[in-house]
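Residues or ranges marked as domain 'Lipoyl-binding' in TrEMBL: 4-79. Per TrEMBL, region 'Disordered' is recorded for 107-253. Look at TrEMBL and you will find 116-130, 157-170, 207-218, 243-253 tagged as compositional bias 'Low complexity'. The domain 'Peripheral subunit-binding (PSBD)' annotation in TrEMBL covers 257-294.
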Amino acid sequence: MPEVKEFRLPDLGEGLTEAEIVRWLVEVGEVVAIDQPVVEVETAKAMVEVPCPYGGVVTARFGEEGMELPVGAPLLTVAVGAAAETEPGPAAETSGNVLVGYGTGAPAARRRRVRPQAGPSGASGSAAGAGSAGGPADPGRPEAGGHRRSRPHGLSAVAADDVAEAAGGPADPGPSRAEPVAARASGSVSTDGLEAGGRRRAGSYGPGAAAAEGMAGAPSDLAGRGGSRAVPGERRAGGRGAVAGPRPSAPAGPVAVVSPLVRKMAREHGVDLRALTGSGRDGLILRADVERAVQAAADRAAAPVAAPAPAAGVPGAERIPLRGLRGAVAEKLGRSRREIPDATCWVDADATELLAARRAMNAAGGAKISLLALLARICTAALTRYPDLNSTVDTEAREIVRLPGVHLGFAAQTDRGLVVPVVRDAHLRNAAGLSAEMARLTEAARTGTLTPADLTGGTFTLNNYGVFGVDGSTPIINHPETAMLGVGRIAPKPWVHEGELAVRHVVQLSFTFDHRVCDGGTAGGFLRYVADCVEQPAVLLRSL
């Protein structure tokens, strides 16, 4: 019997937390091979074809083209070891038990229901809430009698709501999915969409249906899970699921939040989800609600220091969502500022001889060598001398981890914004090899075809902000690295050369380092060596 495996959207690098589906490359029922691209997605920085790690038959796809998914959300399911899909027979059409939550056929045949007489509480069949009897049954949850219905082909309850959260709202219920059963806060079970006896009518959804999977924190009872949970002091109508009275010491209420991303964000920032009012359908708490709560808490904390006029009260103020590229940059650099005790030192260097050396290299024929490639080669030589700066910090183990190789990231400006492609094993490449690889990655960045591997795993970053016509900067370290070299513009300036005032081509080098891995002596030694190689490229010959 084939095993059904679920493939989730992988981490796409650069701190990106979501991606938009551009184009599906496979259909349901199609046979896929291991590592075959199955979907094309677009992140804030690149267009990526995502390969599937499983081989088999595609049994379900989650999300439509144009939908935005968070990292970790289900993409598709694959029946590993299954043959190509054939025309189903009558028996196959009703087989929904391949995997709980991912049925492969039509819904199971409806069972005959017996409506018991109303109990002392007055609950009866007429108390059932409105709902279409012909809609999809609530799948993945046992009915009151302990029977489990299979889910129609399509999204699971949790997966669908995660997809909906990424798209900015709850998933739209339709024939291909079913919403979670509404959770209850008190002892009384809502009769909206329930028949007498506690069984949910097929296709019925309570007003809090989207909240069932999102109970963050306090214990809860979910209507329809294995029947009803027995609670002392509760009276049941007809001897089955309908509860007559409320629980006297019930918790404050369920939290209408589904996405694990939202729950994680709330935990990290200490946000009490019970205090929030969700802006999604049926009160669903979205990521934007948590972000507003975090911002409000920060504003309250800063109020005694300064009380600027709120943006909402400024006439003509425009609010721009902090998401996509700007959201990724804000998260990455904000984390760097919070976690890394950095320091910056800088020096001016005479780059006249370096420019002359480059002209001589390119005049010899062959592929042209870029100035950035020469600076990258100088950096790899300097990191060999000062290995503490090619490291990362393991805060949990309280250890500095020296890395065996240099994977050099460099900033590249594109129409999408700033990206940092990574040159693998830069310490093993010469200037020509570095120049060729940087040219390839820069072109891929401009066309949006960088892969996740091209954007992750850097150990040191080189940033040439001189292309913007500025002299200096204080670079922010690219977390989790521990150092970055910034290079300003090379401009003619008056300079004392061999005891005489002359016009030379001068560049400012700015070096930011993590003070946890080294002190100023190490950082100063690194920067001085780089400056010496810029002023006298022959110094670099010692390391070739």
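Cβ atoms here come from the backbone N, Cα and C positions, even for glycine.
Remember, it's a predicted structure, so these values are computed and weren't measured experimentally.
Over the domain 'Lipoyl-binding' (4-79), the average per-residue pLDDT in this prediction is 87. Summarised by DSSP class, the composition of the domain 'Lipoyl-binding' (4-79) is 0 helix, 42 strand, 34 coil. Note on the domain 'Peripheral subunit-binding (PSBD)' (257-294): DSSP counts are 24 helix, 0 strand, 14 coil.
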